[in-house]
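As recorded in TrEMBL, the features of this protein are as follows:
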type     : residues : note
DOMAIN   : 52-538   : domain 'K+ potassium transporter integral membrane'
DOMAIN   : 551-781  : domain 'K+ potassium transporter C-terminal'
TRANSMEM : 48-66    : transmembrane segment
TRANSMEM : 86-107   : transmembrane segment
TRANSMEM : 175-194  : transmembrane segment
TRANSMEM : 214-231  : transmembrane segment
TRANSMEM : 243-264  : transmembrane segment
TRANSMEM : 291-310  : transmembrane segment
TRANSMEM : 322-342  : transmembrane segment
TRANSMEM : 362-389  : transmembrane segment
TRANSMEM : 410-432  : transmembrane segment
TRANSMEM : 444-466  : transmembrane segment
TRANSMEM : 473-494  : transmembrane segment
TRANSMEM : 577-595  : transmembrane segment
Amino acid sequence: MASGVEFDEGNETKGSMWVLEQKLDQPMEKEAGSLKNMYREKKFSEGLLLRLAFQSLGVVYGDLGTSPLYVFYNTFPHGIEDPEDVVGALSLIIYSLTLIPLLKYVFVVCRANDNGQGGTFALYSLLCWQAKVKTIPNQHRTDEELTTYIRSTFHEHSFAAKTKRWLEATVFRKNALLILVLVGTCMVIGDGILTPAISVLSASGGIKVDHPKMSNNVVVLVAVFILIGLFSMQHYGTDKVGWLFAPIVLLWFLMIGGIGIFNICKYDSSVLRAFSPVYIYRYLKRGQRDGWTSLGGIMLSITGTEALFADLAHFPVSAVQLAFTVVVFPCLLLAYSGQAAFLMENREHVIDAFYRSIPDRMYWPMFVIATLAAIVASQATISATFSIIKQALALGCFPRVKVLHTSKKFLGQIYIPDMNWILMVLCIAVTAGFRNQSQIGNAYGTAVVIVMIVTTLLMTLIMLLVWHCHWILVLLFTFLSLVVECTYFSAMLFKVDQGGWVPLVIAAAFLVIIYVWHYGTVKCYEFEMHSKVSMAWILGLGPSLGLVRVPGIGLIYTELASGVPHIFSHFITNLPAIHSVVVFVCLKYLPVYTVPEEERFLVKRIGPKNFHMFRCVARYGYKDLHKKDDEFEKKLFDNLFLFVRLESMREGSSNSNEYSLCGQQMQESQEFLLKDNAHTPTSNLDLTISSVDSIVPATSQMHVNNTITSSTEVDELEFLSSCRDAGVVHILGNAVVRATRESRIYKKIAIDYIYAFLRKICRENSAIFHVPHESLLNVGQIFFV
C-alpha cells in the first residue's frame, strides 16, 4: 500500500508517528468486503426469479414484442412476387432474432452492465475506470477506493495493457471514444422519437381492416391523439401504472404466439422449413438488389434490443434471460411463422398482414391489446431515453435540465419535462409528416442499427479491458456482430432518401448540442484549473484574508475538487468582507452508477486552523438521486464537525509536535479526507489522515476506541456552530464564457453562439442546487477560453 512518504527504506525513518499508525491502522478487509458484496448480483429464489422475469416483460420487452405489427409490410412494401420470398424473409427473421437479441444481447451484452445499469454510458463508465479516457480530468486517487469502483489488473505486456496504453496515448482517441458514445446516445434519443410513432401508428392502422373505406388521415389523427395522451401522462411516472404493463405484454405474447400456431396449422405448415439457413442464400440470390434492400424491413424484427439493454436497471440479468428464452423468443418465432403461413396464401394482404391473419372473432380484442402493447413499448423507449439523458447530464455531456424522480422506490424512474415535450413534438411531426409505416420504418431501422454497431465497438473494448478475454475470442465476437450489423446498415443506406435521413438529422442536431456543451464544459474546467489561486498568496493575506470576517458560513460552489478556485480571488478583491468560515463545495459526478451514502463526502482543511477554510467534495454516480436540500446541508455540516473532532483526536494522540496540524501550511496535494460516517458511532469511525510530511491513503482506516476531546476542539466546534446559527450563504459563480480573439472561427461559433445560447436557456445553478434566493449570492466573471 503506497503512501506519500516511503517508510520502508530504513528503520531510522520509523518515528513515533509510524509506530502510532501501526497501532491504530487496523486492516478493514472484512468491512470493505461486506460493502462490496452489497452491490454484487444477489442470489434469488426460484419464486422471486419467476416474479421478476414476469415483471421484466412489461418494462424490457415491450418494444421488441410489438415488431410483428409492421415487419412484413416494411420488408415487402411493393408486394410479394414469389411465395418463396416469404420463406426466405422468415428465415432471415429467425436467424436475426437468434444472433442479435438472443446470443449477443441477452447472453453477452447484458453481462457487461455497470452493477445492473445498462446502456452506452454504462459501458463508457466501465471503460473510464479501466483506462484514463475521461475527458474532464477531475478524478482523484480517493475515487478509486469506492466500493462501487471496479478495476481489474492485467499483465503489463498483455494485449489488454497495450490496448489501454493505446487508448490513453492521445487526446484524439479519447475524444473519438466519447463521440462514439455520444453517437449511440443520440441514436437512442432518436429511438425515443421513432418507436412511439411507428408502434402507435401501426396499431391504429388496424381500424382500416374493419373499416376499409376509412381515410388514412383519420388513422393518423387517432395515432396523434394517442401520442399526445401518452406523453402528457409521463409526469405520473411508470410506477403508477407499471403494475398493468407486465400482464398486458404477457397477454400480448401469448396471443400472438397462439394465433401463430393457429395460422401455421390453418394455412401452410411448410413455412417451418425456414429454420434452414439455406433459404436465406436462395432469397438473396433470387432477389438481388431488391432482396438486399428488403433487409431494412427484416431489421425491424430486432428493434427494441438496445432498449432491452438500456432498461436493465430494475431487474437482474438472470430474470431478463429467463423471460426472453421462455416467453419472448418462442412467441415471436411463432408469431412471424404464423404471419408467413398466412401470406403464403394471401400475398395481396401484406400491407396489413398482422390484422388480416387474426381470426374474425379475435379481431377487436387483439386491436385493443395491440394498442395497449404499443403504448407499453413506447413507454419503455421513452423511459430509456430519459435514463440515458440523465446519465449524460451527470457526466457533463448534456445541458442542465430539470430531472424529476417519479418513484420513491425506484430511483431509475425519472421524468424530464423539457425533453418530454421535445420528444412529443418531434414524434407527432414524424407521424403526421410521413403518414405511413414504411418511411417511419426506414428511419427507425437506421437509428437502431447504428446503436447496435456502437454497442459492438464498445463491447470489444469491454471484453479486452474488463473481462480480459483472449483476443481471438474478442475478434470472433466483433467479426460476427459487425458482419450481421454492417450488412443491415448497408441495406439501410439504400433507404436514406426514403425516410432513413430522419434519425441522421435528429442525431446530428443532438450530437452538435451535446458535444458543444461538453466541449464548453471542458474548456471552463481547464480555465479554472489554470487560474487556481496560489496558497502562498492566501497565506500572505493572513487569517483575516485582508478583509473583515463577518459571522456566518459561506458555501462557495466550484467545479474544482482540489485547489482554490478563481472565483474566490474575484470575490475577495471586489467585496470588503467575507464570512468567518469558508467552505468550498464541489459536487462531482463520477463515471460509476452510484456512490454509497456512507462514502459520499470528503472533507479537508485548507490552510492553518485560524483561517477557518475547508473543502467538501460530494460525489455522485450517474444514477444517484440527488436533491440539494436541507438534508444535504445537514450532512455537509455533520461531516465538517466530525472532521474537526477527528482532527483534534489525532493531535491528542500524537506526542510529536512535528505532526501537529495547528499553524502549519496545508499544501493542496496533502489532504485530510473523511468519508461520510454521519450514521456511524464515534467508536467505529473510519478516517484518513495526512499531514505536511506524510499522507495516509484513504484506504488506510483507523479504528478509534477512545475519544479525546481537547479544549481546542470544543472552541472550534462552538465557533462553527455559532457561525452556522448566524447564517449560511451560498455563493455561486455566474460566468460568461467567451472565445479568445485568436480562436478559430469554428471555436468562436461553438463557444460564443451555440454554447452561450445553451447556457442561457438551461437551468441556473441556483435552481439545480435548490438554493433559496434570500441565501444566494451570485459572483459574475468572464472566462476567455
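Counting starts with 1 at the first residue shown.
The backbone N, Cα and C atoms fix where each Cβ goes, and this holds for glycine too.
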Cβ pairs under 8 Å between the transmembrane segment (175-194) and the transmembrane segment (410-432), at least three: yes
Sequence-remote partners of the transmembrane segment (362-389) [C-beta within less than 8 Å, at least six residues beyond its ends]: 58-60, 62-63, 65-66, 69, 119-121, 185, 188-189, 191-192, 195-196, 199-200, 202-204, 206-207, 209-210, 226-227, 230-231, 234, 238, 245, 248-249, 251-252, 255, 259, 304, 307, 310-311, 313, 354-355, 398, 401, 412-416, 419-420, 423
In contact by Cβ distance (the transmembrane segment (410-432), the transmembrane segment (214-231); 3 or more pairs under 8 Å): yes
Considering the transmembrane segment (86-107), which listed stretch of 48-66, 243-264, 322-342, 410-432, 577-595 counts the most C-beta pairs under 8 Å: 322-342
Beyond the flanks of the transmembrane segment (322-342) by 6 or more, those residues with Cβ under 8 Å of it: 49-50, 53-54, 56-57, 60-61, 64-65, 67-68, 71-72, 86-87, 89-90, 93-94, 97, 101-102, 106, 250, 253-254, 256-264, 266-269, 271-272, 274, 301, 349, 353-354, 356-357
Segment-level pLDDT (mean, integer) for the domain 'K+ potassium transporter C-terminal' (551-781): 68
